[in-house]
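Q: Straight from Swiss-Prot, here's the annotation block:
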- Cys5-Cys55: disulfide bond (DISULFID)
- 5-55: domain 'BPTI/Kunitz inhibitor' (DOMAIN)
- Cys14-Cys38: disulfide bond (DISULFID)
- Cys30-Cys51: disulfide bond (DISULFID)
Amino acid sequence: RPSFCNLPVKPGPCNGFFSAFYYSQKKNKCHSFTYGGCKGNANRFSTIEECRRTCVG
């Protein structure tokens, strides 16, 4: 799994309202969160399938 999968969820400082997914290392699963639309980090996926394929295996 790529190292960015272990980054904490980071919604970013902007006020957008975008549905996204992140990988939780603690639970070894992908969860939804609301992304603000800017900044954040690489542990952010458009679909749960993409998150699972990249980080869960």
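Going from the start of the chain as shown, residues are counted 1 onward.
Placement of Cβ uses the backbone N, Cα and C atoms for every residue, glycine included.
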Q: Give me the CA-CA distance between Cys55 (disulfide bond) and Cys38 (disulfide bond), in Å, as a whole number.
A: 22
Q: Between the Cα atoms of Cys5 (disulfide bond) and Cys51 (disulfide bond), what distance do you get, rounded to the nearest Å?
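A: It is 9 Å, counting Cα to Cα.
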Q: Between Cys51 (disulfide bond) and Cys38 (disulfide bond), what C-alpha distance do you get in Å?
A: 19
Q: Which value does the mean pLDDT take for the domain 'BPTI/Kunitz inhibitor' (5-55) in this predicted structure?
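A: For the domain 'BPTI/Kunitz inhibitor' (5-55), the model's average pLDDT rounds to 98.
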Q: When you measure from the Cβ of Cys5 (disulfide bond), how many other Cβ atoms are you left with inside 10 Å?
A: 19
Q: Kindly report the helix/strand/coil residue split of the domain 'BPTI/Kunitz inhibitor' (5-55) according to DSSP, in that order.
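A: For the domain 'BPTI/Kunitz inhibitor' (5-55), the helix, strand and coil counts are 10 helix, 15 strand, 26 coil.
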